[in-house]
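Quick look at what TrEMBL lists:
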- B:GLU349: active site, proton donor (ACT_SITE)
- B:HIS380: active site (ACT_SITE)
- B:LYS495: active site (ACT_SITE)
Number of protein chains: 2
Amino acid sequence: MYDSDSFNSLKTHASRMNTPEFHLKHLIKDPCRLTDFSLNIPGFFYDFSRQRLDNSVRQTLNTLAGETRAKEMFVQMAAGNPVNPTEKRAALHTAARGFLDSGLKPENTQILSDIRTVARNIRIFSQDVHKGRITGTRKKKFTDAVIVGIGGSYLGCEFVYKALKPGRHPKINLHFLSNVDIDNFGQILTRIEPDTCLWIIVSKSYTTTETMANLTQVQAFLNRHHLNPEDHLVTITAKGSPGDDPSNPVRASFYMFDFIGGRYSVSSAVGGVPLSLAFGYDTFEQFLIGCAQMDRHAFQAPVQENIPLTAALISIWNIQILKYSAQAIIPYSSALSKLPPHVQQVYMESLGKSVDIHGTPLPCPAGSIVFGEPGTNAQHSFFQLAHQGPAFPVEFIGVLKPGYTGDQVTSKGVFNHQELWANLIAQTQALAKGRDHEDPARSFSGNRPSSLVVIPDLTPESVGLLLSFYEARTVFEGFMLNINPFDQFGVELGKILASGIRRQMAEKNAGTPSGGTPPDPVTAFYLKALFNGRID
Amino acid sequence: MYDSDSFNSLKTHASRMNTPEFHLKHLIKDPCRLTDFSLNIPGFFYDFSRQRLDNSVRQTLNTLAGETRAKEMFVQMAAGNPVNPTEKRAALHTAARGFLDSGLKPENTQILSDIRTVARNIRIFSQDVHKGRITGTRKKKFTDAVIVGIGGSYLGCEFVYKALKPGRHPKINLHFLSNVDIDNFGQILTRIEPDTCLWIIVSKSYTTTETMANLTQVQAFLNRHHLNPEDHLVTITAKGSPGDDPSNPVRASFYMFDFIGGRYSVSSAVGGVPLSLAFGYDTFEQFLIGCAQMDRHAFQAPVQENIPLTAALISIWNIQILKYSAQAIIPYSSALSKLPPHVQQVYMESLGKSVDIHGTPLPCPAGSIVFGEPGTNAQHSFFQLAHQGPAFPVEFIGVLKPGYTGDQVTSKGVFNHQELWANLIAQTQALAKGRDHEDPARSFSGNRPSSLVVIPDLTPESVGLLLSFYEARTVFEGFMLNINPFDQFGVELGKILASGIRRQMAEKNAGTPSGGTPPDPVTAFYLKALFNGRID
């Protein structure tokens with residue numbers, strides 16, 4: 001990409017866009033601006049009219065999409081080709097909803113059949129739990145489930161759970177035990193009852209250090225309460241992993257497949273089991289239908305009408321060309337409060353890379369920071385910097401109908417949900433337009449780009465559209481950057497170093513003299529502090 | 001600052017530090033590195049040995065601190081001088097704990113006396129609630145309190161509440177109603193019982209739009225349940241505000257002072273009332289003692305031994321000179337999960353400015369993005385980018401003893417808390433050292449700066465030290481940048497634009513024809529979508 005004509009042409013465009021005539025306050029005056037710079041499919045509206053681009057930029061970006069064969073790569077991905085070459089794997093998260101009408105089916109028909117089997121098992125299991133046919137050791141109905149998993153094994157599920165909760169009462173409350181920090185475990189114990197709690201262990205390899213350490217705590221907890229693991233444990237793991245071992249029986253086991261990576265796994269059993277327990281399998285399937293709708297669009301729509309591809313191009317334009325170093329995701333919806341951390345993982349883990357798909361170092365590392373909090377909260381937190389500090393692009397998300405439908409009253413003549421929208425609309429305008437003022441402290445330079453994604457409601461379909469939009473956008477961006485958005489070798493070094501330190505600790509715990517090399521002085525200093533509980 | 005000799009000298013230093021010989025993997029080999037580049041006071045250890053600096057850089061930074069009179073400004077601040085000139089106010093958050101032994105007392109003795117009165121009222125009120133001398137309309141003891149406030153009116157309090165919770169069982173559970181989004185309100189209703197819930201309205205002016213809109217919902221809710229506002233409402237507000245109006249009686253009212261800004265208000269009644277309800281006033285006072293200890297250190301310690309000042313200098317070095325555009329805060333403690341959003345506000349709202357203290361535009365806007373999630377969670381989310389994507393400095397926080405003290409078992413020979421620390425130590429090393437590998441996808445460039453803050457435990461004193469550290473560090477940085485860290489004019493434009501849009505909505509709700517100008521076409525488009533519940 002970096003040496004292509006269109007990429008160079010974008011740099012020239014950038015010089016033009018950086019001149020005062022192309023300030024956003026001028027661009028948005030065009031009466032056709034919104035029509036020309038927005039895209040729409042049923043249930044999903046994408047307004048990029050306040051991005052710092054014009055028709056020429058857009059055309060060049062679309063050319064770039066063609067040159068980098070982003071859509072062809074997407075088709076190959078969905079067909080099951082090994083688009084994750086470093087790990088010699090396919091990336092088939094689209095297949096997790098491909099048994100619905102996405103139009104995207106892997107070539108290997110066995111895959112859809114396996115996925116269908118898992119889905120059927122999830123349906124039966126969750127129904128049995130809800131009907132009380134499956135209970136704990138003391139024959140009490142389950143009321144709570146704790147997801148024991150870290151990273152991709154919980155972030156997406158947590159996002160969807162919180163997004164759906166305002167609109168429906170959970171049949172089973174979900175809790176998330178991700179951190180190896182014992183305080184995470186301790187806090188969860190204050191929220192559940194031993195007899196009525198299911199523990200769902202999520203780990204593809206069933207060797208993830210944090211998850212295994214937490215599983216050990218859970219097993220000891222069940223033991224203390226004289227509860228059987230085969231009644232209270234559920235595993236979501238790869239076939240044949242230590243979590244799929246008949247000699248360690250569990251209540252139920254659901255398969256994960258090596259062709260679905262953690263951060264893209266929400267629509268697999270990783271999200272399916274917890275979300276079906278929480279809201280019923282039908283709700284989960286409606287969510288999958290939403291995902292499938294966006295997949296079909298990403299697959300079928302031409303470049304210039306393709307929403308996730310256009311969003312990916314805008315991201316490349318903002319990060320690689322205009323050199324913004326971060327992007328914010330600001331949902332104007334408390335229910336979507338866990339969307340930013342989920343997208344933070346999907347985006348930063350997929351695109352934070354220093355080599356291309358062939359292993360060749362990139363001219364500069366790819367990816368950017370993604371962060372965010374819900375609006376209007378963010379307005380009262382870091383939006384001071386968004387308006388008057390160093391600029392960064394913002395992606396706003398608006399929801400036309402809230403989940404809460406109870407009694408409401410107006411304040412200043414508007415309902416709370418309208419107040420939320422008044423602020424949302426105002427922020428997009430303020431960032432773009434700015435304001436001149438005789439007092440420089442009250443001046444706003446404006447010209448700060450933002451997009452606005454609108455979904456009609458917080459139904460499972462809408463949340464599915466949103467999730468799948470961010471997945472598709474991320475893989476499109478990875479394909480265009482010519483990097484592998486499915487591996488994560490950057491987490492390896494820390495794991496290796498941690499295992500050496502863990503060994504030192506274990507030896508100290510056991511009181512056995514270390515046979516290996518002693519720790520370096522800094523590690524020794526911190527180990528001493530940790531074991532003594534103080535810094536001398 | 002920008003035209004000082006030391007600032008220019010720092011730029012020269014940067015060219016040197018950017019050469020391969022000054023890669024962190026070399027710098028940290030010096031056996032005195034940790035001793036030379038760490039600072040310590042009882043209960044607080046600051047290790048900056050993995051920052052990209054050497055003794056010459058540090059000396060120049062310390063000179064810069066002297067030239068910019070950072071410490072003198074801090075003293076002036078604590079004495080009550082109007083260090084917030086745009087709003088013609090003092091900034092006396094240190095006075096909120098100044099009646100303890102901080103050595104920092106405002107010159108106006110009335111101030112401490114007023115603060116002491118509020119503290120006494122908080123003590124009496126919280127004791128009365130705990131003992132059941134104050135109850136709701138139906139004479140039931142209070143079990144829950146909802147803080148109705150946004151931005152600085154809740155973020156810091158939420159951080160401290162969650163930090164202290166693992167170590168002690170709350171007498172009253174706290175909930176936070178910040179967002180104007182009705183789903184925020186709806187979710188809180190699922191967690192409380194009307195009869196046993198106190199509603200604490202926090203707004204200095206008592207005009208904050210979101211808080212007033214939520215108050216309206218709360219009043220309607222109380223009304224529906226036949227509960228009296230004078231039994232169930234508490235206000236924390238400025239003397240004489242609409243929330244301090246005897247004709248609208250409430251259960252209790254506590255004063256906020258105009259010399260303490262929202263984001264610095266945790267140690268005032270804003271944190272004091274909720275935290276004393278949750279854990280007892282004595283716990284809150286221990287927290288204040290921790291804050292006061294850090295204040296005294298910030299006030300007394302010479303530049304080269306001053307922890308928050310050194311941290312501020314490192315921030316200036318990283319952001320202004322080395323040009324990192326963001327910084328992460330990664331507490332290896334789930335209990336500190338709300339520290340990053342709190343510091344995000346304190347830092348980005350205080351320092352995200354485009355003009356200096358005299359209103360003169362800065363050469364480039366100040367401030368940087370702050371974001372973060374707890375470790376080890378962050379390792380499984382965005383640390384791929386931290387290791388192999390564009391670099392950013394990280395501030396790690398370690399806690400020697402966890403809050404949870406229940407039964408625990410080992411996994412791989414170590415306790416969970418040790419596993420957490422093995423990862424924490426490993427991450428700091430991996431970022432600094434990097435690793436060469438024949439496969440570029442498995443190579444790590446290293447040279448990525450980080451600090452490590454260590455506190456001994458999650459006691460209120462330790463949490464107070466941490467809170468006050470970030471406050472002092474932020475104001476030091478503001479003073480050195482010669483900006484006003486206490487105002488926030490950058491939030492004004494959005495508010496103005498929102499009020500115009502709200503008026504349009506209110507007219508539409510009322511069915512009265514608009515007397516004013518019609519909305520611009522884009523606003524009209526979104527208003528139509530919102531009122532119709534769909535995009536056509």
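For all residues, glycine too, the Cβ spot is worked out from N, Cα and C.
TrEMBL does not curate its annotations; it predicts them automatically.
Here the features listed in TrEMBL are placed on the structure.
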{"residue": "B:GLU349", "record": "active site, proton donor", "DSSP class": "helix"}
{"residue": "B:HIS380", "record": "active site", "DSSP class": "helix"}
{"residue": "B:LYS495", "record": "active site", "DSSP class": "helix"}
Margin query: Suppose we draw a 10 Å sphere around the Cβ of B:LYS495 (active site). How many other Cβ atoms does it contain, all chains included?
Written below: 14
Check: What number of additional C-beta atoms lies within 10 angstroms of the C-beta atom of the residue listed as 'active site, proton donor'?
Finding: 29
Next item on the list: State the Cα to Cα distance, in Å, between B:HIS380 (active site) and the residue listed as 'active site, proton donor', rounded to an integer.
Entry: 29
Margin query: What does the structure give for the C-alpha distance between B:LYS495 (active site) and the residue listed as 'active site, proton donor'? Integer Å is fine.
Written below: 16
Next item on the list: Would you mind checking how many other C-beta atoms are within 10 angstroms of the C-beta on B:HIS380 (active site)?
Entry: 28
